[in-house]
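Enquirer: One structure coming up, written as structure tokens, with questions to follow.
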Amino acid sequence: MTYCLRIADIPTNERPRERLMTHGPKVLATAELIAILLGTGQGPGKLSAVGLGQYLLQELGKNQRDPLAVLREVTPAELMQIPGIGPAKATSILAAVELGKRTFQFRPLDKTPIDSPVAAVAALSQDLMWQNQERFAVLLLDVKNRLLGTQVITIGTATETLASPREIFREIIRQGATRTIVAHNHPSGNVEPSPEDIELTRQLLAGAQLLGIPLLDHLILGNGNHQSLREITTLWNDYPQGD
């Protein structure tokens, strides 16, 4: 696709909107998705909407940054510093970004059973999934694994959070939960557990055994990804929870 052409000059079957209607959004390049939001082009060299979308990504990706990571937190003023992006285009982009975030912020209805990592992630997403700082949170459950609530225990830096078993269990007991799932986020989006994550999980499982409050899982979330430590470790075999 030629980025200097107007959308009207591109063959119909190659235009982003028509390709989305025919093949679905997954086949479109990121610049094409942005082009649909922009509607029109311009900027340096009178770019097409697709060209302007590509140029925007290049500008956001300067200094070896991930352009999509920058886009998630960009401000209107920052977008409008890019040639060709005025208030109308900036607000369209930011509205789409916010809508995308909110689709990950669905919370189950009260008393919904949490019967899978996916259900737990849905309940925790608003607190953890897109945060810039590491957070540690708990899902508070009743004896039938029904959701009583969520609670953020600690907020750390961009690279670490501090959570102790004492703080975690104190909140669980205070809230009257009889079962729990713990979770934290990795702002980088890499949801592989660190040695510290494994050790904390070990301590929590041992504490849960002593208190008789089953720990059902430890989840790591970040940038749309998640990982269940129960699914990828043998810790629950070492510390059975009676669940």
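Glycine is treated like the rest: Cβ placed from N, Cα and C.
Residues or ranges marked as Zn(2+) binding site in Swiss-Prot (evidence: sequence analysis): His184, His186, Asp197. Annotation source Swiss-Prot lists domain 'MPN' at 113-235, citing sequence analysis. Feature annotation from Swiss-Prot assigns motif 'JAMM motif' to 184-197; the stated evidence is sequence analysis.
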Enquirer: If you count Cβ atoms within 10 Å of the Cβ of His184 (Zn(2+) binding site), leaving out that atom itself, what do you get?
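Expert: Result for His184 (Zn(2+) binding site): 26 other Cβ atoms within 10 Å.
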Enquirer: In the same chain, which residue numbers or ranges, 6 or more beyond the ends of the motif 'JAMM motif' (184-197), come under 8 angstroms Cβ to Cβ?
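Expert: Hits for the motif 'JAMM motif' (184-197): 69, 128-129, 131-137, 158-159, 161, 163, 218-227, 229, 232-233.
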Enquirer: Please give the average pLDDT for the domain 'MPN' (113-235) in this predicted model.
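Expert: The answer is 91, the mean pLDDT of the model over that range.
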Enquirer: List, in sequence order, the same-chain residues at least six positions removed whose CB sits under 8 Å from that of His186 (Zn(2+) binding site)?
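Expert: Correct list: Glu134, Ile220, Leu221, Gly222.
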Enquirer: Near Asp197 (Zn(2+) binding site), which residues of its own chain have a C-beta under 8 A away, given they sit six or more steps off in sequence?
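Expert: In sequence order, the residues whose Cβ lies under 8 Å from that of Asp197 (Zn(2+) binding site) (at least 6 apart) are His184, His218, Ile220, Leu229.
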Enquirer: Please list, for the motif 'JAMM motif' (184-197), how many residues fall into helix, strand and coil according to DSSP.
Expert: 3 helix, 2 strand, 9 coil
